[in-house]
Amino acid sequence: MTLTVTHCAPCFQGEWVWVDPGIGVPIGARVKLTDTGHQLLVDDEGKVTMAFLYYMLMHPTSVEGVDDMIRLGDLNEAGLLRNLLVRHRQGIIYTYTGSVLVAVNPYQELPLYTADQVRLYHGRRLGELPPHVFAIADTCYFNMRRHNRDQCCIISGESGAGKTESTKLVLQFLAAVSGQHSWIEQQILEANPILEAFGNAKTIRNDNSSRFGKYVEIFFNKDGAIEGARMEQYLLEKSRVCHQAMEERNYHIFYCMLAGMTTEQKKTLCLGNAAEFSYLKRGDCIVCDGRDDAKDYTRIRTALKILAFTETHCWEILKLLAALLHLGNVSFEGGVLSGCMTRLMSEFFVCFLQVQPAALAVSLTYRSFMTNRERVSKPLNSEQAADSRDAFVKAIYGKLFIWIVGRINSAIHKTPTNGPKYVRNSIGLLDIFGFENFDSNSFEQLCINFANEQLQQFFVRHVFKLEQEEYTKEDIVWKNITFSDNTDTLDLLAVKPLNVLALIDEESHFPKGTDVTMLNKMNRAHAKCNKYIPSKNTHDMEFGIRHFAGVVHYDSNGFLEKNRDALNSGILKLIEASTNTLLQQLFEKELSANVVKNLASNNRIVMTPKSSLRVSTLSGQFRQSLDSLMNALSKCQPHFIRCFKPNDDKKSMVFDRNLCIRQLRYSGMIDTIKIRKLGFPIRHTFKQFLQRYRVLLNTTVCDPKTVILIHCRSLGWKSIVLMEICSYLLFFYRLDHMYLLLLGSFLLLSVSFNQLQLGFERLQSTIRGRLARGRYLKELAAAVTMQSQVRGYLARKSYKSKREAVTVLQAHTRGMLARKTTNKMKTDASAKPEPVSEQEMVETMFDFLPNTVAVGGREGPAPEGFEVRLTTNAPEPVPIAVPEDQPVVDYDDENEEFSFTKFSALHFQGSATYSHIKQRLRQPLLYHEDEGDALACLTVWWIILRFMGDIAEPKLINQEPSAPTPSQNNLGQRQIRRLSNLVGLDQVLCNANELDPSKLDPSKLDPSQLLEALSVLVCPCRDEIYCQIIKQLVNNKNQKSSLRGWVLLSICLGIFPPTELLMQYLESFLGRGPSSYGPYCAERLRRIVANGERGEPPCWIELQAVKTKKTTQVSVALMDGLSVSLPVDSACTSAEVCQALAKKVNLKDIYGFSLYIGFCEKVWSLGSGGRHVMDAISQCEQEVRRKGEEEQHAPWRLYFRKELFTPWHDSSIDAVSTDLIYRQVIRGLKSGEYHSEKEDDFVQLAAMYYYVTFGSAISGENAKKVVEECITTELIETKSQGKLIQLVNAAHTQGPYINSRRSTDSVKGDVVDYARQKWPMYFSKFYEVTQMSGPPLPKSNFIVAINWNGISFQDEKEKKLIELSYPEVTGVNKSRIDSGQSVSLATLRGQFLLQSVDAGEMADLIQWYLEGLKERSVYAVALQDVNKQDDPTLLSYKRGDVLVIVKDGEYSPARGWIKGTNERTGNTGAISTDTVLVLPTLEKPSDTTLVRRQPGKEGGRGAQARGAGREKLWAASKEPIKQPLLKSLVVFLLSLTFPSPILKYMGDYPIKQVRQPIELTDQIFGPATQHVPLQDEVYCQIMRQMTSNITKRSQSESLGQGFWCCANDATISGIEVLRTKMSGGKLTLLSSGCSMEPRKLPPHQVEVDAIQQNSNQIFHKIHFPNDSTELFEVTSTTRIRDLVRNIAYKLILASADGYGLFMKTPNKVNFKSLSQLFGEIKKHFQGHCFSGAPATMPYLVIFMRKLWFNVTPGRDLTADLTFHFPQELPKYLRGYHKCTKEEMISLAGLLFRVKVDTDKSQFVMIPRMLKELVPADEMKTMSPEDWKKHIISSYNKQAGITLDEAKVAFLKGICHWPTFGCAFFEVKQTSEPSYPSIVQIAISKQGVSFIDPKTKELLVMHLFNRITNWSSGSTYFHMTIGNLVKGNSFLCETSLGYKMDDLLSSYVNMYEMQRQSVRPRNNSMFPT
């Protein structure tokens, strides 16, 4: 540089100037005045000189230094150098040069790389904070995520400048900001220690010099998380293994191995210390200061574990390294091995290399080569043999390094599984060897410097060439800046013909080529090149190259040998013969190539590619790798870090000016600053510029070509200048791709300096105003807060005084009420009558009943043919014990929600109260519109008062009993009377029950008579009756009256239920009733509500049950002659009796069996439905009473019989059912129930009975018995008995079952089938009907008989009017007409409208038969033409074709598809159920029926199908589409996978097997969640199938509810169309889905089930630590954070902070992120098997506390009892805490109280309960008896506390321990030798503690801010403690690493959120 010399001039004290120190670059100096006034200069080095002259004054920016050297006023070498000096002395090592970071190696540790620094720089703009390597790393990460473009960071500099450390720091930062703490991140980080160990060494300039280059490419997914990496290595310096310069070491791994291995391992490998090995002491440097080789070895072994190197791999590596060391000690004498060395080799190498010693000796001392005819072996001298050995060693080490890099890549590089189109971004880090210039430079230095030339050219091209080319392309007037270009040097080395590397390669391929011939060729070829320095003479072997960093002279000796990099063929044969697997893997490529050569040498022609004829050289390989690297870098957006070293002595705070200025010059920093300063740092695309400055325009549309500029501009140039200058000052660092370039100085030309200053003043005033307003708002908020606090204090004070006054008032009121209650109790006690037991009163009340408990249904003779043996399995009567408590209710339920008191207040009329009275009512309690009903209610009140004995009985007038009417004589035909006709009690009793009024004596009044009268009043008065009874029970002090009231209430509860109005109040009343009647009445209420009201008054056996309060036993007769006793109650139905009986006799096929009742000679069916059994019994008793007999002796019987058969009945299914029907048939034959005109029918059935009873034996006596037991007496009398015996014998002898030896059960089945086929009318349901319309019949009133064979219309004489088979029935419907219920029966003969009382039952029975037959039918008729010739899956047929259904399970009828065969064509395929009609028949219908079943020629779906036009793209279709619906997806083939699942889900396409809906929804929505362009296509296809879809199923609607799955990415038009198709909850669901980010997974099973059920509600069971569970509603859009808050709100927790959801599976417990969707987590546990079937992993969702902060026992009782106590107790009992004996005794007392409460009888169990009271490891410190004594003492001291208080006291007892709230993990570690092998890790809010599990002593505790990184693998957990440069690594083995990882992340995130909440972010003024 040239500076003008200025003579001394007057200057001021302290001014800085530039002076010339004589080194070529000015330095800074400060003016100092002496006492005499003379000026002195004190320069930067502290030297004082006289101020004779100086160059010029120093710019202020150069005095203190700047962050960015572009801002320097002295833009020259001196300014740059001094800026770096000043900052270096201040300890600031980073400086910006625009976007280029300059890093000066401090040679000391600085506190700049902590986790806090990572968080500080993450997300900040470049330049917002001081320069830092983290800022460059964050810029790479930010640009990658923002622009989706790959980034690269090129770290360059000399050896020792700190490139490797910078690379590691960038890598650490990227792993930290990725935020996943994944195992893959840790594996990437742990690759560095391994590569450094095998590839780094101590050199003169650097203690950790990288002797290889590496390019690390880190891959990120779309969320910015690291998902893998790949490493490339370049040119390892293999010669260092054998030779080192003085003061240098070999690679670190050798020294670490010898220092860190155990004695046993070293003994096995015959190793000692490093000084014993020749390869390790040639540099005369064994120890490296500042490195701990033993500790590094532990670190290396840890890294190998993390990167999945097995113990076998590690041991094999150590064996090879030991072999190399031993090979280095081999010496040669005269070309042969010495004797001692031969013995050593036989011991070492047989074990390590696994080769023969003799073969090794030959391969090292001889070299074989091919001549024209044969292979010749040549002995080597000692030097050549040593070189051969060294070549062998270097080859092994080089191949081992490559193999290790490959293993690392296999661990960290994961191939994307998302398909070939999956794009992931990457950040590349280039850490390559720096420029080298030693005293002696060889071939390696040439390659290294060539690589640095390439990188310098990349930097120059990016910074200078591309920049200036951009200005030229934009037509900007620009004067090109001259810069240092190294293109000529690259041309010399590798570009132009006969370049240096090409000449070296060429000479390497000549067999006779030598280093001398190579050098001569280079001298001749490049003698005229100014970049090439030839050798001085023919004997000089050096040549020079003028590199960008200076001149380097290279010694050409050994160039060709190193470039060839070839092994002796003998050594390759030795390796091939080795049995060492790893050794052969290392040389696999060479061994395969050697095999090819051997084949060629054996006169075999081997065709090889032309390119492979020349052996690859080292320089060729390196150039190829370097070219691929440069191509990769050119595709990325580059970032540069220039590393400088301040001195060569590796000393801190020493700044070598000459060294630094040389680095500045060749790095191009000055030129970089010039172009950055003179160039255009602010760049916008036109679109960005318009968006940024649109506010300055008059219009939003401003075209420069058509609109004058003055019309567009509104604010003038001044505003533009102000805005752009501010932007320039804030954002000139951000360099994006630009098409519009602005220069601040260019705009400044349009305004004067005064105007600019005025603009800045306005800007300052605006900012000051904003700050003032901010201060005002803060002060205002503070004032409001203070006011609210004061008002709150005054309000609390006022409330406290009022509360004290109210307390005094309450105390006086309570005293008054207590005194009043006491006086009342005294009065009641004095008036209390003599107690009478309840049992005595009940016996007196029911003295009219029999004294013994009988089983009902055995009185009197049975009807003919229904006699049974009295064999029964009824239980013995149990004596009834009546409780002694008296049913007197002292009612006080005002505080209950459904109290009778509230009901009376709401619904009682007038002044009626809810309590007991003895007066008549003037009006009913409840309101009634009908006056007659009101009068009847008053009559009911009179009945109740008389029944309960609350009023005296009136005298009755004797009246003659009225004669019964004919209607009353018909059983079960009593008429309902209008209440308005009743005028008095006597008339009610007479009209209702035909009782003699003279018998109504009060002393003779019984419940039956009264309740028969009440049954007439039930319908309108049921609530009134209950209210009156309850009223008389409330506060009834009369014991007898109260007891009779409860009896009356229990009887009413067996007859009719209350209405909904009274139901809950009655339940509440019964719940407060006496124990003797309350539960009993509540059960009767439940039963009568469930089964419906009765139609008859109670019978005698019911009253008997009321007396005993037990169920009644009735006997039911079976057709096999046995009877079964069953318990029944008042509400019991025939269905319940049938089911109970079937269960008792083990009857499985229960259909068609009914309950029958027989009375005298009559038998009728009660069915198996809802008819009340007690009503039928009551009818029988009434009939007996009408005849003047006693009801209890009514001769009724119950029977269990077969009433109906199904058309598909199979007798072999249930043997019990078949036997009962068989017995019924035989009994019916004997009794004459079954008639037949053919006697052969009876004979055949008798023969079967013969075989069943007596087997194959033939005997006349047996035949006689058969005839007597099977044949009716009438037939025996008509035909002689002997004749019948002969016929039966003959039929039995000729029977087919005798010879076949069939089982009796199968013959019984034949009897049943015979009877079913022969007498279908005897197994029918009969209904009396009236024909209202339809085809004409002889009679309009007839009987409809329905059985398995069909439907028959008969008259009263059983003459058939018409008979219909089920194929002739086309439909049945039930309806209600004015005159009653009716059935519409559609048949092929017309449509019949039939009216019947049981029309509903009849329609249901016919419909059930039709559906069952269709389900089992295999015959169908085609309704329309279907032509699917192009689809082999579907069947083609014509309208009217008969199709035979194939039921092989291939298709699901429920989905609308069946498989069938066309009888006409014989083809088979899938059939849509919408196009066919399945016939209800099990046999092929007749031709007549088929003809009638033919579809009509007009109308119908077939006609519509024929008339259909072109397919509409917007309408539903069953044809799969051939291409996507959206034009934008025509080339997106993945969308073609959607139609088939959508059609299959909606039933529009057949599925060959029954598939779960979840499988189809996964196929539909799975690709759409992964590929955004497909989401609109899914919408369109689903909407298409929902439009004009005529399917009757609801799948289409259900699928529409699943739209939320990808709703967020739908187009606006798609959303609007969906809104037109949805409403209500579906639209809400869609809207909620649209407002959230897209889901990543399709819906899970529970969501699909909810969609299938057309429901939006999903309830999930949440488990809590105290073993309780609760259901909580979740939706498809519920996030875990919302669910956690909802749970905390429902549980009334003080705060939801610290709680979380855990998913517990059989293998692990996972915590789920609060931001995750709950549905996606459930989907994660639902995998799929290889067959495609869903496989759901069982799991539990647990809600518990995760983070233990702000936990104070006693503050939140719910949290303490539900979470804190059950979570902390197991930790205490496992012995994780350290506590004293006294504390354990006190806590044991509390835990014992929690277990037993106040039960002191459990004291004896304490020794057995110790494991639940005392920590496991402390139980043996005392004997069980001593523990018992101390625990009892502690228990007694804690008397008076409750269970909850004991739990809280336990928590208070342990909360002061430092381990309270910790999560404990026992792990195995080898990282820290001072720790035990088993360590207990405790994670709490304080940090991570390491505890000795035996002594429980704290080893160390690491605060969270000291833990810089952590991650977990399948069996490992890793932590980095300290800063990112020299942090300590801790690796432990545990299967719970995922828990530790998650817990650590949660605590760190919690503290980070708290930190951010209190620290305002430094937001920029003008956000982009």
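Just so it is clear, glycine is given a Cβ too, placed from its N, Cα and C backbone atoms.
When the ranges 370-389, 990-1009, 1490-1509 are checked against TrEMBL, the one recorded as region 'Disordered' is 1490-1509. Note on TrEMBL: of 626-648, 1063-1085, 1937-1959, the range annotated with the feature region 'Actin-binding' is 626-648.
When other Cβ atoms within 10 Å of the Cβ of SER159 (ATP binding site) are tallied across all protein chains shown, the result is 22.
Take the mean position of the Cβ atoms of GLY157, GLU158, SER159, GLY160, ALA161, GLY162, LYS163, THR164, the recorded ATP site; other residues of that chain with a Cβ within 8 Å of it are ASN105, ASN206, GLY434, CYS643, LYS645. Of all the binding-site residues given, namely GLY162, LYS163, the one with the smallest number of surrounding CB atoms inside 10 A is GLY162. Long-range Cβ proximity for GLU158 (ATP binding site), meaning a same-chain Cβ under 8 A and a gap of 6 or more residues, is found for ARG205, GLY434, PHE435, GLU436, ALA549, CYS643, PHE644, LYS645, GLN663. All protein chains shown were included, and the count of other CB atoms within 10 Å of the CB of ALA161 (ATP binding site) stands at 24. In sequence order, GLU196, ASN200, ASN208, SER210, ASP431 are the residues of the chain that are 6 or more apart from THR164 (ATP binding site) and have a CB within less than 8 Å of its CB. Looking just at the domain 'MyTH4' (916-1107), the mean pLDDT is 71. The local packing around GLY160 (ATP binding site), expressed as other Cβ atoms within 10 Å of its Cβ over all shown chains, amounts to 22. Residue counts for the region 'Actin-binding' (626-648) under DSSP (helix as H, G, I; strand as E, B; rest coil) come to 9 helix, 8 strand, 6 coil. For GLY157 (ATP binding site), applying a Cβ distance below 8 Å and a minimum sequence separation of six or more within one chain yields ALA103, LYS163, GLY434, ARG642, CYS643, PHE644, LYS645, GLN663, SER667. The DSSP breakdown of the domain 'SH3' (1415-1481), given as helix, strand and coil counts, is 8 helix, 26 strand, 33 coil.
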